[in-house]
Amino acid sequence: MNRKKIIVAAVIVALLATLAYGWHYYRQQNDASLTLYGNVDIRTVNLGFRVAGRLASLAVDEGDDIHPGQTLGKLDDGPYLNALKQAQANVQSAQAQLALLKAGYREEEIAQVRSEVAQRQAAFDYADNFLKRQQGLWASKAVSANELENARTARNQAQANLQAAKDKLAQFLSGNRPQEIAQAEANLAQTEAELAQAQLNLQDTILLAPSAGTVLTRAVEPGTILSASNTVFTVSLTDPVWVRAYVSERHLGQAIPGSEVEVFTDGRPDKPYHGKIGFVSPTAEFTPKTVETPDLRTDLVYRLRIIITDADESLRQGMPVTVRFPQR
């Protein structure tokens, strides 16, 4: 009986020991800080002018640091200044034309047209009376058929001129048609749009830095004739600084957006940078060869983007880093 109790006790002790070891191992695996490997993300942008022209000057060179809004270069703006002046003149002309149509006709202009109607009425009366005389003479064979036809043609032309003058007077008395005013308004809107485009083109003769960075390459020199979008500078963006790292599926649950991490470099192994996870890729991929990791290259991993919150000039793009998550 005692022997049986001893065996049962031994089994219980062994079972408890196994459970204790398993729990200890589980806690070790979950409490240990997660270590990942990656690189400072390389982000570059090609800068160029949106408009074509002759390069007048460049303000920075390779290796220079730049800040947002800094002037990097200028094109010869002469052609664009001329285009702007022409666009401004077109707008002024369209504004004057619209104002003239809206104001209608002046009394002096109406009086002038009335006088024109009276003159053409007199001319028609004379031509009509002359035709009647010629018709009487034709009946008595005193004029030729050609003379009669010339008189009829002159009377018809005088009648057409009189009708044109009367139509013009009617238009002057009723004012401009709404369609004419609408057309003038549309013409003004078009010239204003052309003016806005001319102003934008002139602004684009100055190349401004879009964000902070470092000039990597200077592709052209002053005097070069550039087409729109030709690369002038290649710039490495330095703000914000991102780290690209990779996490296995087994540890994916620890890589939560917003989680704080520490980032170590070989240059300062005892003084980490601090960052937060900003993005976790929804799709898996094989570990890139550029990442220094002890994991198998055939393992599927998920890409992380870590935003460094206290970056300095020592953190260079492409630099290998070690990312550590704090113990839970």
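Positions of Cβ are set from backbone N, Cα and C atoms, glycine also.
Taking Swiss-Prot as the reference, the stretch among 20-49, 80-109 described by the feature coiled coil is residues 80-109. Here the coiled coil (80-109) has Cβ contacts under 8 Å with residues 51, 53, 172, 175-176, 180-181, 184-185, 187-188, 190-192, 194-195, 197-199, 201-202, 205 of the same chain, all six or more residues outside its ends.
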